[in-house]
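**Q** Quick one: the structure is below, and I'll ask about it shortly.
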Amino acid sequence: MERGVRVFGEPKVELHIHLDGAIRPETILHFGKKRGVPLPGSTVDELMKHVSYQTPLSLKLFLEKFNHYMPAIAGDREAVRRIAYELVETKAKEGVVYVEVRYSPHLLANCRVEPIPWGQAEGDLTPEEVVNLVNQGLQDGERNFRIKARSILCCMRHMPSWSPEVVELCKKYQNNSVVAIDLAGDELLMASSDHKAAYEEAERCGIHRTVHAGEAGPATMIKEAVYLLKAERIGHGYHVLEDPELYRELLRTRMHFEVCPWSSYLTGACLPDFRKHPVVQFKKDQANYSINTDDPLIFNSNIDKDYGIVKEYMDFTEEDFKRVNINAAQSSFLPEKEKQELLNTLYEAYGMVPATS
């Protein structure tokens, strides 16, 4: 399947996309050359043969793809700011009017981070400066492309020692582009006491919370996310259907699922038959969910690809797409006033309320 053609031409909201999984291949090549970092190819086509894929792999093999290109980006100030800026430009071209992009500040740093990621030598780019650079890139992109962009800082399941700093950065930049905390990585690793403490502090300080859960892992991981970590949204969450009682409860409370159809196919999170995808059940039950790209670089995709899949295989209509995006806006981590402005933008574009101008 190729990148999608536009199937829904109205404004869209995207809540689940990883900054380090959404870098332009041209940008990777530029910084690889500039910094003398070897890459598995010297052209976009060659690079993409190693970085992206189109038939299902395990989540573990998918995660190994990052090793091919992250050394060209991590630890470089210009690169970090630029990938954030370019993401906003890409989303604007896709018709997204609001995006929440997530990343681990530690995985883009090379100083005051233990261990230093991607085999880098120690440098002078700290996790906090990474947050500042991403904020700059997002804010410059907002100004130039006239969409709204906010960020979510990720704790990593395999690195609980980073989590205390992640929540402190969320607190410090809470009113400056950062809207939430996330927990990502291998779901086989249960949330450690450090992750739990970080989420407790986030809740205490009014920081929004989402958790990757029930993607490759079982429904018990969603229980952990909701009841232990007090998640307000679930990243993926497909395996919630294995626990009907939990599913009914989350339907009742309008828990939001950040669904990524093409990703769920390529990581083997779901059965390869899209007609049996959990989203079919979510749609039938009018659950609260959004449609997102996750890692469009590695999946060689864009938002139209995911919209195309649910239209072709799950019979999504224009009205379904409108409902999904209104759900996304309502479940966004924007402050209430900005959330209402976003909803009004969608209502007006969708012809659901008369224009007030």
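Quick reminder: no glycine exception, Cβ is built from N, Cα and C everywhere.
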**Q** Please state which member of Asp124, Asp294, Asp304 Swiss-Prot lists alongside His16, His18, His212 for binding Zn(2+).
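**A** Only hit among Asp124, Asp294, Asp304 in Swiss-Prot's Zn(2+) site, alongside His16, His18, His212: Asp294.
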**Q** Enter the number of other CB atoms within 10 angstroms of the CB of Glu215 (active site, proton donor).
**A** 25
**Q** Show me the subset of Asp20, Gly185, His236, Asp295 whose Cα is within 10 Å of His212 (Zn(2+) binding site); these are the recorded positions I mean.
**A** Gly185, His236
**Q** Need this for a regression test: recorded positions His16, His18, Asp20, His236, Asp294, Asp295, filtered to those with Cα within 10 Å of Glu215 (active site, proton donor). What's left?
**A** His236
**Q** Take the mean position of the Cβ atoms of His16, His18, His212, Asp294, the recorded Zn(2+) site. Which other residues of that chain put their Cβ within 8 Å of it?
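**A** Same chain, not in His16, His18, His212, Asp294, Cβ within 8 Å: Ile17, Gly21, Arg102, Ala184, Gly235, His236, Glu258, Cys260, Ser263, Asn292, Asp295.
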